[in-house]
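K.L.:
These came from TrEMBL, pasted as-is:
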type	residues	note
DOMAIN	1-325	domain 'Hcy-binding'
BINDING	C247, C310, C311	Zn(2+) binding site
DOMAIN	334-594	domain 'Pterin-binding'
DOMAIN	628-722	domain 'B12-binding N-terminal'
BINDING	E672, G734, D735, V736, H737, D738, S782, T786, A838	methylcob(III)alamin binding site
DOMAIN	724-859	domain 'B12-binding'
DOMAIN	874-1111	domain 'AdoMet activation'
BINDING	D923, R1109	S-adenosyl-L-methionine binding site
Amino acid sequence: MSTIQDLLKEKILIIDGAMGTMIQRHKLSEEDYRGERFKNWPSDVKGNNDLLSITQPEIITNIHLQYLEAGADIIETNTFSAQVISMADYGMEDLSYELNVASAQCAKNAVKEFYLKYPNAEKDNPKFVAGAIGPTNRTLSLSPDVNNPGYRAVTFDQVMEAYYTQVKGLVDGGVDIILIETIFDTLNAKAAIFATKKYFEDCKVALPIMISGTITDASGRTLSGQTLEAFYYSIEHCNPISVGFNCALGATQMRPHIEELSALATCAVSAYPNAGLPNAFGEYDEQPHQTGHIIADWAKEGFVNIVGGCCGTTPDHIKCIADQPLVLRPETNFVNVGERTNVTGSKKFSRLIQEEKYDEALSVARQQVESGAQILDVNMDDAMLDGVYAMTTFINLVQAEPDIAKIPIMLDSSKFEIIEAGLKCIQGKCVVNSISMKEGEAKFIQQAKICRMYGAAVIVMAFDEQGQADTKDRKVEICHRAYKILTEQVGFKPEDIIFDPNIFAVATGLEEHNNYGVDFIEATREIKRLMPLTKVSGGVSNLSFSFRGNEHVREAMHSVFLYHAIKAGMDMGIVNAGQLAVYDEIEPALKQLCEDVILNRNNDNNEATEALIQFAETVKAKGKVQIKDESWRLESVEKRLTHSLVNGITDYIEQDTEEARLKFDRPIEVIEGPLMDGMNVVGDLFGSGKMFLPQVVKSARVMKRSVAYLQPFIEAGKIEESSAGKVLLATVKGDVHDIGKNIVGVVLACNGYEIIDLGVMVPANKILDEAVRLNVDVIGLSGLITPSLDEMVHIAHEMKRRNLNFPLLIGGATTSRMHTAVKIAENYNHGVIHVLDASRAVSIVSDLLNENKTPLLTKITNEYAQLRDDFLNRKTIKNYLSIEKARANKFQIDENFQIPKPNVLGNKTILNYDLKEISNYIDWTPFFITWEMHGKFPAILQDVIVGKEATKLYNDANALLQKIVDGKWLQANAVFSLFEVEKKSDDEINVVNKNITLNFLRQQIQKAEGQPNLSLADFVFDRQPTTDNRQQFMGAFAVTIKGIEEHIKMFEEQHDDYNKIMLQALADRLAEAFTELVHEKVRKEYWGYAKDESISMEDLIKEKYTGIRPA
């Protein structure tokens, strides 16, 4: 039978589609998942799809067989979550090995059945089983605790060991390939690769490895923030047969990333996308023939070698792909390595690490990056330090800082255990500094193998059993010997080998040291000739050790040395990136003296050395001061205003506005001229994604302050400010959320529109009456909660009834293009447009106010008509039960359950709760969504595109939050009640000793067999008062954050929209956080049914606790 490697040279292979989608078609019950073996398992197991390989093997085998029949060449085992960490959610950690064996056997059995049915297939069309290894439900690169970015919920070793067990089970079950897939955190993938390679080495086996990552957004990054290129180079060390992407995106959205990867990868490229993107109703719309045609285009372009499907795809999709005619078809500049994050080379850094002031130590790293370091050298070798702890803590913190983590890390230590601690913390490709043969070849090979397992490049010192090489010949001899060992015995690629041929101090006064500079330069030249794909590095500061304390001379020596070493082939150097003189700007006399010393010229009897020493005594060390760049202040006033607007600088705005006012004939011309020109630049940058919403709001603050300064002059001249048009905005009746509306208002105002903001909870009549009275050009409706959608439908209906003709914009978190088309646009025929975010609002309003707006409205009308048709065509008929039948299928509560009595009964009021404690419960992800920055916190802080601005926004938010807490700006109040209840009827509950009946709705839709039609009343059981005296209880609570109004007014008076919106967003987050806190206190203290609960903040946000907190 041909190997998969052979077949990849001949044709494009097909991998199967979604397992979960196919399992869902079976509508399995909890009992089905449990089977006979697990019928008494203490926790629910429904949803544990991997378990079905044990309890329902026939179903899993049949799904595999369907994909084989559809044309799949590779089928994946049902083991996406079958490792110890994920199985812990079901208490099934001990089943990991068995699950993987059983799943592998299900797939192998399907292949056997296929071969029995098609006897020639084994020879002519062989099938392969890939052991699927998912990413786990933990991340090694990010902290789950927002208050402790250095914390990790799981260690590299724990993840690696979990994967090791999984790989063992898969191999024992008979898989042909190991597939590490859906990678959102490359450090997790590196743990999986490490475990796989370790198992192969331990058991003397070798299987092909496939790698498949997950791109989470259109910019081409993984969830943990890596670019496509960084991801590829981080995992290529495992020599996979293929690298590709799956999940998260549909084929259309995945195309540019597959195209980029195909140009980069030296192995096969795989792609198995979702069946498009989920629509507004959470369904996958992409039909099999559509997927097939898109992937056929990839093949035609030569992008892919393995194709298939992920979420939402079925055997029909795979058949359409298989039916398509799929046919086949390092240079870098010198790298500065920042050396100041080294406890042996920086007193400041050493002191900060010794005192465990890690946050301050990060500033040293940040300064190195800002000064131009392209790799960061981190060294924790100090006798007074726990080097492993210090390295782990600092690297974890570095990984949480996107402006530092964007460059590679060089792990520098003489102790290999410290280096390995660092390797376990870095998801990208890093450099180990260093390994050598000073303890012999065996130790050198052992350490090199470990480095390669982690995917690291290595610096190899010119150091062997005889000592450090100090001459050219010894340097070349040792490096060449190491090269042959690494490439021929360990399997390193030459590109991952960096030689350090030792830079020693010159000008020491000892003649035998005079040629050290020349020896390094000439050794470098010879190393690059003999081993051209390798790199050469060195610790440059060693060269000038004789002149420590005289930075002026040292900087000149370093620059002169690098000038000549780089010409000889030196690729990188460890040097303080902020302290390098420009070669051509070194004073000629000093440059000449440095060259004489470094190149050992005119140095008989140390003459050159003595000359340089004498020169050094005549100069004082020249420090360098970071100077704030104020050169823009020399530009014209128009350019200065634009600079202030783009950069959000208010320091000079009144001064510059006054200068502009005196320059122009009328104050209004300042607004219509340079200010609007500046805001147009802001708008262009925002529209193209080069500025982000927080920056735009800061620009608006500058604009408002300038306009406020001009306002008295405008009024004095009785000249009205011109406007691009009037836009009326309102949050609809029943809804108090207005942050999004305010942001849209700010962005539109920045673009010259007059904004009439009616606020929140605005009835339809007021909205329409004001629109008519003020003769506005556009009406914009906003809403966050679901009932707002119905109110928007009502307003559209009223506009039609009144024969109005204002264009209507729809926006807010719960709104969607589909709902707008199906529900709202049908009720009004003068233009209803769904606006996705603030950046789209400007162009839409501009087009609507264009005299020739008919083409836009016609286009929108046609698109929405098509959406309505699509919705109606695919709408399934829902069967509803009578209320009697629904009640007969109610949830059956365990009547033996013992209900704990609350510690507190009745109403309890909580006033003025500590805001600082509440802030610890904030879920920051929705905060960033408010600012139209989409991404999970804290990963968003490392995002390649928005990470820098997200970090600024986060810092600004915490600064304002501190003011709110310290100044007691807001007050947190809550009330809750715990009360005794009893069942009155199937859908009714009475409050004991109160004349109150609570009425609850019941689900009436036809459910799958075994699924109840729920009502909240089901959770109170029937009892006979004469024989059953058990008490039952319910609870309810409400919270509020009050006192925001006076501070909002203050910011409005200061024309500070940025802090106004920031305050609203923080108050919203505090209210949500307070609900989590109160609910937790009820569970653990006031009711006390979960008094021993101990869960992480991540699990708290995910509501992984007993009870529910509906919102």
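The backbone N, Cα and C atoms fix where each Cβ goes, and this holds for glycine too.
Any TrEMBL annotation is an automated prediction that lacks curation.
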K.L.:
Look at the binding-site residues E672, D735, D923 and tell me which residue has the greatest number of other C-beta atoms within 10 angstroms of its C-beta.
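P.N.:
Of the binding-site residues E672, D735, D923, the highest Cβ count within 10 Å belongs to D735.
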K.L.:
How many other Cβ atoms sit within 10 Å of the Cβ of R1109 (S-adenosyl-L-methionine binding site)?
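P.N.:
For R1109 (S-adenosyl-L-methionine binding site), the count of other Cβ atoms within 10 Å is 14.
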K.L.:
If you measure C247 (Zn(2+) binding site) to D923 (S-adenosyl-L-methionine binding site) at Cα, how many Å is it?
P.N.:
26
K.L.:
Rounded to the nearest Å, what's the C-alpha distance separating C311 (Zn(2+) binding site) and D923 (S-adenosyl-L-methionine binding site)? Just drop the number here, would you?
P.N.:
28
K.L.:
Which of the binding-site residues D735, S782, D923, R1109 has its Cα nearest to the Cα of C310 (Zn(2+) binding site)?
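P.N.:
Smallest Cα separation from C310 (Zn(2+) binding site) among D735, S782, D923, R1109: D923.
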K.L.:
For R1109 (S-adenosyl-L-methionine binding site) and D735 (methylcob(III)alamin binding site), what Cα-Cα distance in Å is obtained after rounding to a whole number?
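P.N.:
The separation of the Cα atoms works out to 20 Å.
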K.L.:
Would you count the other CB atoms within 10 A of the CB of C247 (Zn(2+) binding site), including those on all shown protein chains?
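P.N.:
Its Cβ shell of radius 10 Å holds 21 other Cβ atoms.
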K.L.:
Taking the mean position of the Cβ atoms of C247, C310, C311 as the Zn(2+) site, which residues outside that list, in the same chain, have a Cβ no more than 8 Å away, listed in sequence order?
P.N.:
A18, T182, N246, A248, Y272, P273, N274, G309, G312, T313
K.L.:
Looking only at C-alpha atoms, tell me how far D735 (methylcob(III)alamin binding site) is from D923 (S-adenosyl-L-methionine binding site), rounded to the nearest Å.
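P.N.:
Here the two Cα atoms lie 22 Å apart.
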K.L.:
If you count other CB atoms within 10 A of each CB, which of C310, C311 wins among these binding-site residues?
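P.N.:
Counting every other Cβ within 10 Å of each candidate, the maximum falls on C310.
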K.L.:
To the nearest whole angstrom, state the Cα distance for the pair S782 (methylcob(III)alamin binding site) and D923 (S-adenosyl-L-methionine binding site).
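P.N.:
Distance between the two Cα atoms comes out at 23 Å.
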K.L.:
Quick one: DSSP breakdown of the domain 'B12-binding' (724-859) into helix, strand and coil?
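P.N.:
Going through the domain 'B12-binding' (724-859) residue by residue, I get 66 helix, 24 strand, 46 coil.
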K.L.:
Please report how many Å separate the Cα atom of D923 (S-adenosyl-L-methionine binding site) from that of E672 (methylcob(III)alamin binding site), as a whole number.
P.N.:
42
K.L.:
Counting every protein chain present, what is the number of Cβ atoms, excluding its own, within 10 Å of the Cβ of S782 (methylcob(III)alamin binding site)?
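P.N.:
For S782 (methylcob(III)alamin binding site), the 10 Å Cβ neighbour count is 29.
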